[in-house]
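Enquirer: Just lifted these from Swiss-Prot, have a look:
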BINDING   L9, A10, G11, K21, D69, D100  GTP binding site
BINDING   D100  Mg(2+) binding site
Amino acid sequence: MSKWAGIVLAGGMSSRFGEPKALASWQGSTFIEHILKVMTSALQEVVVISHSDIKERVEQFVQVPVIEDIPHYKGDGPLAGIVSGMEYIEADWYAIMPCDAPNVSQEWFTILLEQTSKEYDAVVPIINGRKQPLLAAYHNRVKEKIYALLQEEKRSMGQLLSQCNVKYIAGEDVQANADWFINVNTKEEYVQAQKDLSNE
């Protein structure tokens, strides 16, 4: 029986958004609370990776551990966050979530889990023609690859994927709803996302 863990990349202050996205309000709670509610119901263990500037605030909203990046790789982007989560929780597979996709559904994690198998290092969805490496699943064997990249100061998710045996899944092929992946980067997108969802 594989153990599944979740890693939420909460980041810190968002310059484009003007405030920490993790704490933006969403349907009566916050982005991070909504994401965690979904993840904790689908996965065995979840950890939040947060920037030191908002860690204490995030802790007030959540019931799961909130940690910072491994000191040596602090601030090295999503790869540092992912490997920090992998070090904190021992698991076979890790489902990754950014904190700015507040509309994710528990169903998504069920789909993702079903798509994993031993021969793959990662399962990455393609939504509306775009790869989504931060809404993906990674096997724990990827940890060593991430360390090797960070040591060479390579920080892009694309560089990691190029070294992995990746199973790409098109959202429409697995009945994944594109709305689950709505990604909020600016206040305009935030207003739009709230509008779109209240119209459903």
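Cβ from N, Cα, C; glycine included.
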Enquirer: Can you tell me how many other Cβ atoms are located within 10 Å of the Cβ belonging to D69 (GTP binding site)?
Expert: 21
Enquirer: Let's check the environment of D100 (GTP binding site): how many other CB atoms sit within 10 Å of its CB?
Expert: 24
Enquirer: Identify which of the binding-site residues L9, A10 has its Cβ surrounded by the largest number of other Cβ atoms within 10 Å, counting every protein chain shown.
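Expert: Result of the Cβ crowding comparison: A10.
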Enquirer: Is it possible to get the count of other C-beta atoms within 10 angstroms of the C-beta of K21 (GTP binding site)?
Expert: 26
Enquirer: Listed GTP-binding residues L9, A10, G11, K21, D69, D100 - what's their greatest C-alpha to C-alpha distance in Å?
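Expert: Taking every pair of listed residues, the largest Cα separation comes to 18 Å.
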Enquirer: In terms of DSSP three-state secondary structure, what is the assignment for L9 (GTP binding site)?
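Expert: Note: L9 (GTP binding site) is in a strand by DSSP.
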Enquirer: Taking the Cβ of G11 (GTP binding site) as the reference point, list residues of the same chain whose Cβ is under 8 angstroms away and which are at least six residues distant in sequence.
Expert: P20, K21, A22, S50, H51, G81, P98, C99
